[in-house]
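Participant: Okay, so TrEMBL annotates it like this:
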type	residues	note
MOTIF	10-20	motif ''HIGH' region'
BINDING	Cys125, Cys128, Cys142, His145	Zn(2+) binding site
MOTIF	294-298	motif ''KMSKS' region'
REGION	512-535	region 'Disordered'
DOMAIN	547-651	domain 'TRNA-binding'
Amino acid sequence: MTTYITTPIYYVNSTPHIGHAYTTIIADTYSRFRRLCGDEVRFQTGTDEHGEKIVQAAEKEGIGPREYAERISAAFRDTWPLLDIAPDHFIRTTNPEHIKVVQDILQKVYDQGDIYFSSYSGHYCKGCERFLTEKELVDGKCPDHLTVPDEVSEQNYFFRMSKYQDWLINHIKDNPDYITPERYRNEVLSFLSEPLEDLCISRPCSRLTWGIPLPFDKNFVTYVWFDALINYLTGIGYPDGADFTKYWSVAEHVVAKDILKPHAIYWPTMIQAAGLPPYQKLHVHGYWNVDETKMSKSIGNVIRPGDLVEEYGSDTVRYFLLREMSFGRDASFSKEAIFERRNADLANDIGNLFSRALTMLAKYADAKVPQLDEASITEEDRVLIAAIDKMLAEYTACMNGFEFHRALQSVWEVIGMLNRFIVTNAPWELAKDAANAGRLRTVLYFLAESLRILALVLRPMMPTAANKMAAALGLTEELDKAVLPEAGRWGGIQPGTALHVGEALFPRMEKKAASPAAPEKPKPQAKAEKKVEPAAQEEDGLISFDYFGKVELRVAEIVAAEKIAKAEKLLKLTVRAPEERTLVAGIAKHYSPEELIGRKVIIVANLKPAKLMGIASQGMVLAAKEKDADSNERLVLSAVAADIAVGSRVA
Ligand code: MSP
């Protein structure tokens, strides 16, 4: 099989930040995963170097756009290796091959009558580099850039996009996976329910020269989006390169929601007009904010990936970004959150597991993978093998479905089991009595083999850490050759393999080593508690029907649950209702995270978000509390029939 995965090509008007890093890490992780599944993979990223805003940014620096583009494009190329991002091709729109392809396609579409000359006036947002419709403006401003667009009135060339509207609607409807997650597919279909305007695809040279000249009218350059989107074809050798034939039919694009419309509407209609088959999939993710605030240069809260790598290393940064954002939804970066994940998930969970297991293998098995003793295999061992099999299936499905955070959650459930496995089997106790030698070898074999599988599945996300694990397990070559699902089958590690106990995977970080956490914001919950709605409550203590109607109770399914470091009573839950959200619930003493997955509960869905232990809780789970005769508290979660759809309103 083959995979072709792309990121947007980034504008060179500013240097890379964590938003760019996230998309590119996603594409890198996916390409590594598909390689692990045996695919031939082509992963492409690059820079978008033409257009008005590049000219403006260059002017500010007092240099020409070409020199400026050169400098910033290099900054992108230099950043990716720091994050272990390894694209197969880095495309630049200033490449002569690209310019030729754009002109060829323009000419083809023009010759067939799908490009015409006309006059136009509209609201042009330089930030978006496109005309915005009246409907898109909020208070007369672009909602993304919060600037008033320029009123532009001029003669230009137009692409007959409207001609392809019906085709596009049918294509999206017939192919449910064409645009995912579903909310973005719905957004596009809703936009397409109104008549589509034709697309202005030129700028007069009198206004802009930093672009690709139209082949049929040298007084105009092409519009930056028409230029940029074609990179996905140029990079694989359109029209007759071998890689074009090999990869175009499997093209998958990753973008954030900001450029949904160009990718979901302009691009498919352009491809259709060029007489090519449509791309396969568009994966759309949400936006990274910083401390719940939009990231922007003017606020001064832009997070640079290079700085983070310096502080935490590439694996922690990749892990954090993949784990913290549920693909499709927005997420918030904070120094506090990455620090917590580093110490809790990485240093404590996997780091400890790895170093304890290897230390014991060194001490009790002479730093070699022992031969296990079949007779001593217990029921608990079989449960562990079954759990690893289940994890591999979930992991594969989630990775293919771009649910990276869920793939990691399922791996972390196994890590939790393994840490408990060490405690319940206490190899240090077994080692005290020679009669237990067989069992000790079995326990140690189980640990070594589990670590092998963890290294395998974590490699797409954390290549450096996984390679360190493989080196310690004496499996560097095996891991390079490994192909899923075969390589994930239990029993792959060979007894006798020499182990190399080395450095810790994720040394615990001290608070002072991290940058100071963001100052505590006032706790919204405390405020919400005090605020009683006027006249909401009748004098007799009863509430009105209307008042109750304001409380939105919904059926939610718990899809992930985990302990929160330093909070004994709290669990962090990820629920679907039907959109995914995070809740913090005080139920840790009554439920283990594992038993919660898959349960359906009732939540208050419209509660104001509150931050608990640094985690924004978006709602509340309903549970019943009772006390027995000894004043022991019992807490039982609300429940509904298993077949009720998530998101159903409870009234
Ligand atoms: N040049 C166009 C894309 C042309 S693709 C044919 C462009 N460039 S951009 O530099 O503005 O990059 C936008 C992309 O950068 C987003 O779609 C996303 O991939 C990434 N991100 C930029 N800011 C982001 C966040 N704050 N959060 C998440 N991703 C973000 O648009």
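Numbers run from 1 along the shown chain.
Positions of Cβ are set from backbone N, Cα and C atoms, glycine also.
What TrEMBL says about a protein is an automatic prediction, not a curated fact.
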Participant: Relative to the Cβ of Cys142 (Zn(2+) binding site), which residues of the same chain, six or more apart in sequence, are found under 8 Å away?
Facilitator: Cys125, Gly127, Cys128, Leu132, Glu136, Val148, Pro149
Participant: The motif ''KMSKS' region' (294-298): which same-chain residues, six or more beyond its ends, come within Cβ distance under 8 Å?
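Facilitator: Distant contacts of the motif ''KMSKS' region' (294-298): 14, 17-19, 287-288, 333.
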Participant: Could you break down the residues of the motif ''KMSKS' region' (294-298) into DSSP helix, strand and coil, giving a count for each?
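Facilitator: Reading the DSSP string over the motif ''KMSKS' region' (294-298) gives 0 helix, 1 strand, 4 coil.
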Participant: Going by DSSP assignments with H, G and I as helix and E and B as strand, what are the residue counts for the motif ''HIGH' region' (10-20)?
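Facilitator: Summed over the motif ''HIGH' region' (10-20), the classes give 3 helix, 2 strand, 6 coil.
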Participant: Under 8 Å Cβ-Cβ from His145 (Zn(2+) binding site), six or more apart in the same chain: what's there?
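Facilitator: The list for His145 (Zn(2+) binding site) reads Cys125, Gly127, Cys128, given in order along the sequence.
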Participant: How would DSSP class Cys142 (Zn(2+) binding site) in three states?
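Facilitator: Its secondary structure by DSSP: coil.
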Participant: Other residues near the Zn(2+) site, CB within 8 A of the CB centroid of Cys125, Cys128, Cys142, His145?
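Facilitator: Counting only non-site residues, the set is Lys126, Gly127, Arg130, Leu132, Pro143, Asp144, Thr147, Pro149.
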Participant: How many of the residues that make up the domain 'TRNA-binding' (547-651) does DSSP mark as helix, as strand and as coil?
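Facilitator: Breakdown, helix to coil: 7 helix, 53 strand, 45 coil.
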